[in-house]
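Listed features, source Swiss-Prot:
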| type | residues | note |
| --- | --- | --- |
| TOPO_DOM | 1-771 | topological domain 'Extracellular' |
| CARBOHYD | Asn9 | N-linked glycosylation site |
| CARBOHYD | Asn152 | N-linked glycosylation site |
| CARBOHYD | Asn248 | N-linked glycosylation site |
| CARBOHYD | Asn290 | N-linked glycosylation site |
| CARBOHYD | Asn338 | N-linked glycosylation site |
| CARBOHYD | Asn400 | N-linked glycosylation site |
| CARBOHYD | Asn659 | N-linked glycosylation site |
| CARBOHYD | Asn707 | N-linked glycosylation site |
| REGION | 713-758 | region 'GPS' |
| DISULFID | Cys713-Cys740 | disulfide bond |
| DISULFID | Cys728-Cys742 | disulfide bond |
| CARBOHYD | Asn734 | N-linked glycosylation site |
| TRANSMEM | 772-792 | transmembrane segment |
| TRANSMEM | 806-826 | transmembrane segment |
| TOPO_DOM | 827-832 | topological domain 'Extracellular' |
| TRANSMEM | 833-853 | transmembrane segment |
| TRANSMEM | 880-900 | transmembrane segment |
| TOPO_DOM | 901-924 | topological domain 'Extracellular' |
| TRANSMEM | 925-945 | transmembrane segment |
| TRANSMEM | 973-993 | transmembrane segment |
| TOPO_DOM | 994-1000 | topological domain 'Extracellular' |
| TRANSMEM | 1001-1021 | transmembrane segment |
| MOD_RES | Ser1167 | phosphoserine |
| MOD_RES | Ser1262 | phosphoserine |
| MOD_RES | Ser1269 | phosphoserine |
| MOD_RES | Ser1334 | phosphoserine |
| MOD_RES | Ser1335 | phosphoserine |
Amino acid sequence: MGLHFYECNLSVQRKRVCSLEKRQMKAPKYQTAYACEGKKLTIECEPGDLINLIRANYGRFSITICNDHGNVEWSVNCMFPKSLTVLNSKCSHKQSCSVLAATSMFGDPCPGTHKYLEAHYQCISAAQTSTTTNRPSPPPWVLSNGPPIFGNGSGLIQAPPPPPPRLPSLPGVVGIHGINAVPPTHSTPSSSTATLPGGRLKGVTSATTKHPGGRHDGLPPPPQLHHHHHHTDETVPTKSSSSGSTGNVTSPSNTRILTGVGGAGSDDGTLLTTKSSPNRTPGTVASTTNSSLSIGGTGAGGVVRTINNINLNAAGMGTDDESKLFCGPTHARNLFWNMTRVGDVNVQPCPGGAAGIAKWRCVLMKRLPDAGYDEYDDDLPVASSTTPIPPSSAGDCLHNSSSCEPPVSMAHKVNQNQRLRNFEPTWHPLTPDLTQCRSLWLNSLEMRVNQRDSSLISIANDLSEVTSSKTLYGGDMLVTTKIIQTMSEKMLHDKETFPDQRQREAIIMELLHGVVKTGSNLLDESQLSSWLDLNPEDQMRVATSLLTGLEYNAFLLADTIIRERNVVQKVKNILLSVRVLETKTIHGSVVFPDSDQWPLSSDRIELPRSALIENSEGGLVRIVFAAFDRLESILKPSYDHFDLKSARSYVRNTAILSNDSDAATGDMQQRIRILNSKVISASLGKGRHIQLSHPITLVLKHLKTENVSNPTCVFWNYIDHAWSVNGCSLESTNRTHSVCSCNHLTNFAILMDVVDEHQHSLFTMFDGNMRIFIYISVAICVVFIIIALLTLKLFNGVFVKSARTSIYSSIYICLLAIELLFLLGIEQTETSIFCGFITIFLHCAILSGTAWFCYEAFHSYSTLTSDELLLEVDQTPKVNCYYLWSYGLSLTVVAISLAINPSTYTQNDYCVLMEANALFYATFVAPILIFFVAAIGYTFLSWIIMRRKSRTTLKTKEHTRLANVRFDIRCSFVFLLLLSAVWCCAYFYLRGAKLDEEVATVYGYCFICFNTMLGLYIFVFHCIQNEKIRREYRKYVRQHAWLPKCLRCSKTSISSGVVAGNGGPGVGNVANNSAGTLSKSKSKLPLSATDEARAVEQQQQQKDVPAADDAIIMGAGSDSELNEAQQRRTLKSGLLTGSLQPTPVGAVVLERGTLRSTGMASVGHASPTSSAGSTHLIFAHKQQQQLQQPGEAYYHQPDYYSWKHPQAGQREYYNNTGVTANAGIGGASPSQAHEVFYWTQKHNNQHGKKKRGGNAGAVPASPSGSLHSRVTAASQVLFYPSYKKTSGLKQPPATQAYPHYAEALDPPNAAYYQQQLQQQQLRQQRQQQQQQLSSDEEQAEQHAHLLHLQHQQRRAGGPQLPAPPPHMAQYQQELLAQQQRQQYRNKHSNCDLSQGMGLGKGMGMVLGDAYYNQGGSSNGGGDGGPVYEEILSNRNSDGQHYEVGDFDVDEVYNNSVGTGVFNSMRAAVAAGGNRYCGGSLSGGSVTSRNQQQQQKQKQPPRRCVADDDDDDDDDEYDDEVTAAEQLHDSVCDDEDNDSDIDDDTHGLPPQSDERMRRLMALQDEDFKRRFQRQQRKNGLPLDYGASAQTASINHPEHNGAVFGVSGGVGEGSMRGAYRQQQQQNAKSPSARLAVNELFGHGNAGPPLPPANQTPAQKRQQLQKLSPQSTTSSSSHTSHSNPQHAPAHHIQHQQHHQQQQQARHLSAMLDENNTVRCYLEPLAK
């Protein structure tokens, strides 16, 4: 059979020029010759061929060769090391030779053994011999993995094969004096010309064989096998094409990781893998021909056994048929193993002196690529060791039951070599399987022990002698342990034949001594190769049999002894102690062994006295102790699991060797667990696992103290033949010892993990890019978390101090700790002192962070199910509870974990995770899952409740709060999912990277992405999306000059208002200390809505306003910003520079946190807050008369003085009905005296909500809707003057309905200014009394108390306060007495303006029961002070607590108007009131709502309903009122009063916002009905749109228009109907203005008079406006000729502007959970 080769030449330019030339060559035959001792060995070749010796030995390796008589006593481990040298000197390169096999020629390596001479050789041609050195060459299949190539027609150049796999050494072998070193093999430097695939020469290189001389991975070295094998250095004949020099290349050995499935000796044909680290450098290729497993021996002359991995493939590389690959021939266990096809099992007879068969399997192993191996580099040699099959090998193929395949072309090989280039055949397992090989002499002993008359003592002695002197095989181990157990069973029956007790004890003791000696021999190092002949399952089975056999024989002796005695059997590897103790002599624990008995180890086992007493029998306790040496090398643990199922995979998972040439490879090694202590045993019953009530204590010394961790206490399970942890626990451990506690008795030891000697942190797993990305990701997240925390702390004035703010602060703190600890932990190694601390704190931080997320979801749920939806205030008790449960529970869990097993935090490979054990899942995974599921559950419930509420609530504050809660729930849910993704990716990445999984990289980059997104999410959705935070950022940036110029660029935005006043104890002082200016942008705030074209004109118009010269900007609006150029600017300077849009004089904007941030001196003053949007408080005092345009009546309200005394050239028209307002630039601007307060928010048009009254001719819409508007978002709170009711007799219709305007229309009356004069006199008296008070503190205290009483009196609806007493004491007593007489109505809200001051039924309705006006009768003693206490639905108010600042006492008692008209009104109003309130802020619960509905159902039907008069009906009114109608009205009045009393009796709770829609409808109906009745009583038309029948001068009585809360303008709406009436009578001075038209009174009729002036201001007005001066003018003149207005009116206006002071607006939360606001009194 011929082989085809290719000849390739390489040009000077290194271009490959190959000419294929087929030549035939006869492959040399591999031959073996033997010669017995005393005879000649003759070697002869054919003519033309020369002898090439491969290996030789003089001695004996086989018991069958040259043994005609079957002598089994000869040694089979006999070798003369210089046999090959002697034979080469006689036969090398000769055609024939003869050598005498005698001791005189070779020496006597083993006297007493019949020896033989064995030689392996080839007959090669003389031409081949001329190109090589005199070194012997190996067989052709050893020379190369590729076809031979002829260079230049001579010299055979072999294609260098890749390094074959490094076979792993046998694990767990530890010598008694340390680690056994492997004898190094010979290394020969040589040069070679490497040939690449395709015939291209790579160049001349040199390589030196290096064999391992030590271990660098911390594992035990390969075991020493006492087998004599031939050692030969295989050389490759090479020749350089350029220089012609030749050399021999000695192949290096490469050790690989053996991984795969299937146990040793298995025939399953499993594909295994091996890890290869080829030693390749550019331009240099080492020619490798074999892979060696070096096994040293302890006998004379150590040898090395070589395993040649040869791929016998006729086609070379390139075939897809794995059956074409072969394992090379080798020697192992005194047998020659010829080449075997992959997947086949080589079976042959056992070595000489043993019966049975031996087998060894050839498998295909995958070479795992590493850093030095390029899988796709075609310029490198093919990673295979396939060679063509020589013709002479056909017989070998047949001998191995395999067939030889025909050749295939080289081109096919090159195209197909990629598939199998990473695979190569390997013998598996590490050693042949000799389980069925049994020595002949052991068979003889087994037959003897089964005989009836055999002597057990003799058999035991023979067995101990044979095992100490003979080499055993795997089958011999099984037979030996079986004989030991058989002898114990037989002795159990034979001992009864010995009647004498002493004789019985002596015989059993002798038997026990032989058994112990035999067991020690089996554990000896010399028999380690016999253990390796067994597969792992059989090894565990033999070890279990040995332990049980020793225990059975020991208990034979213990049961024989009947008195207290201690028998100790001590041999080389076993210490056995049999103790029989009397219970009465046991005074403490029993300790084994004694310090002087077992010097090999300091292990100790301690049995408590209670455990011994419980297991006593007949007053005696029988104990068997045993300590073993070298048993730890046999009872190897399986990978990760200590049971029989995984024992099969131990070899492939634990035999890990690093490449000797590259000890610092970056490949991750798999987990290795070793037995790191001696095995110690204790038993109280033969073969029984006795459970003890009190555990025993074991102290075990570590065999290896470096690079080991995770000690685990285990015992040997006889049933599973594996180590188990059941019943044992680790008490404590240190570097050298571990203390264990077990509740049963058996064989104990310590298992530990092997750690790589080169400690690596977690970042060693990362590639360069991932390491950088992790740093960047963590840094980004940390920066954004810090920004969020600083935002919450620095801008705390923006936020409500609520539970949600505290929760998010805690979440940010926990996340910051997690990020920093993770960054520190991944840089630490397991040996670092900070490793355990970092893991502990990280555990606590993760648990706390997850708990806070759960509490955040719970808080959202509780907010939706309680009144907290409308009142988001500081909830300190609840937050403290969250703190306790979060941090307290986390610390408790971590403390429990530390108490159970502290080493859990230090046993993991890296310092960011706990060890994955039961404690990890119980204390880490379980709490996190509980918190996570709870958070998801509460979020789901919150979403359901929110959806249900959104369908049942009005578009009021509750609806807005629901929208805010909905947004918070969404953000929190996304936040929770994102954080869970971050932690899950981090966990799976760490676990995967630890096991070197490919998917770990994917998890790593997912962690980087999610962690970065987490930081961005925190910054965007928790900081940037909040409008107030954005505004604070802009302020902060523009106020700090150290920031970059690009960040502090100036922008323009709308002004949010200014503070009026020039100093004073109110807002003005604070305003003067504040900083910043405002500019204008497009906005919808209730300010001037002029366009840009009129900005300059209005700025010039504001120059002459004295009261605003020193006004300072109080705070920026939602879009306002502080100008960087002028950080402190007054209103006047802002108007002059053009950066400030003119605004109403005296308007104040109090924004969220403004007062707090500007250092308000008043305690507790803070502006209302909101979770979204901006809230503004407008203080429209002394508002300037602006140019009025259509749609601006809401903002620019005409004032009383400008109406009464118009400026020259100025005419006032209302509702744009032919009258213009023309204020000259230089003229004094009129001002309005009454005050308007309201909260409002800038309108959002994109919500698609209809603006009320936006059509032409109607009242323009407010920016954000008005009171209880049904078509707009009711988002404002109004504070307006609620005029006190007046009671008295019914006046004739001719009486003036507007007494305030009467003095202007009819100067002789001057009722208003006469009242002012009376109030001034009373005020002077009061000042004299106040001066007698001791101090200002007492004044403030008494005043506050009196004001509180007056406030309760006003809300209780009782009678009016009496006239002021002469001194304060009497005044206070009378107030207290009157308070006791009043009946407090608990259902009052702050908007209950229609409640009567008295509840008596005897007083009828006079002039309307709900009309409010200022002042009372002269003798009624009622107060006329303004009360600013109306708060309606404000969807942004969070209901903070405010300090109370009420009015001055003087103002309360001097602010009455004594007219008979209002005396009669007081009596009329006292009889009834409005039943409903539309402005309650009380959220109300479900129970209260149900009660209210039930109570309403129980109410009888009302007989008094509103008349169905159409608002648009223009029929004339019949002046005659029938008696039936009057009776009907009287009955209705009584019914109304009765219903009010019924409400008081039942104690109805405050109305809830959920009933707002129904209440508003009922209010409209009730108001309409009352209005119609009042019209009948006053003789006025019932139709709203009817024109007034009275003259312009003789004003009719007030029509009793009530305050309606309806916001509609259509039919049924009081406001809409009355607006029509006002529009039709705009020029009529008799037009009436109800309080509900406070913000729309510019459309018709004159404005309200000054109702809020203090006595000082009123006295000034009286001085300026005397009755004599006012007499000269008339109402007609005032209206028709404004140019003739008296000068003192203008002077009074200017003086009034200069003296006006800004005041605080305070609020408090009353007993009905209603926020009530008050105006601060002016300074005395």
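FYI, residue positions are counted from 1 along the chain as it appears here.
A Cβ is built for glycine as well, from the same backbone N, Cα and C atoms used for every other residue.
Structure coloured by features recorded in Swiss-Prot.
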residue : record                      : CB count, 10 Å
Asn338  : N-linked glycosylation site : 18
Asn707  : N-linked glycosylation site : 17
Cys713  : disulfide bond              : 24
Cys728  : disulfide bond              : 20
Asn734  : N-linked glycosylation site : 10
Cys740  : disulfide bond              : 26
Cys742  : disulfide bond              : 22
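If you take every residue in the topological domain 'Extracellular' (1-771) and average the pLDDT, you get 67. Ranked by Cβ pairs under 8 Å to the transmembrane segment (833-853), the stretches 772-792, 806-826, 1001-1021 are led by 806-826.
Put simply, of the recorded positions Cys713, Asn734, Cys742, the one whose Cα is nearest the Cα of Asn338 (N-linked glycosylation site) is Cys713. Taking Cβ pairs closer than 8 Å, the transmembrane segment (806-826) reaches residues 761-763, 774-775, 778, 781-782, 785-786, 788-789, 792, 834-835, 838-839, 841-842, 845-846, 848-849, 852-853, 855-856, 859, 879, 882-883, 886, 910-912, 979, 986, 1011, 1014, 1018, 1022 in its own chain, all 6 or more past its ends. Measuring Cα to Cα from Asn734 (N-linked glycosylation site), none of the recorded positions Asn707, Cys713, Cys728, Cys740, Cys742 fall within 10 Å. Asn707 (N-linked glycosylation site) falls within neither a helix nor a strand when secondary structure is assigned with DSSP, and so counts as coil.
Residues of the same chain lying 6 or more positions beyond the ends of the topological domain 'Extracellular' (901-924) and with a Cβ under 8 Å from any Cβ of it are 709-711, 730, 733, 753, 755, 761-762, 821-822, 825-826, 828-830, 832, 834-836, 838-840, 842-843, 846-847, 893-894, 987, 990-991, 994.
For the region 'GPS' (713-758), residue counts in helix, strand and coil come to 0 helix, 30 strand, 16 coil, using DSSP. Taking only the Cα positions, the spacing between Asn707 (N-linked glycosylation site) and Cys713 (disulfide bond) is 18 angstrom. Under DSSP, residues within the topological domain 'Extracellular' (901-924) fall into helix, strand and coil as 11 helix, 0 strand, 13 coil. Between the alpha carbons (Cα) of Cys740 (disulfide bond) and Cys728 (disulfide bond) lies a span of roughly 7 Å. Here the CA atom of Cys713 (disulfide bond) lies 9 Å from the CA atom of Cys742 (disulfide bond). In this structure, the C-alpha atom of Cys713 (disulfide bond) lies 6 angstrom from that of Cys728 (disulfide bond).
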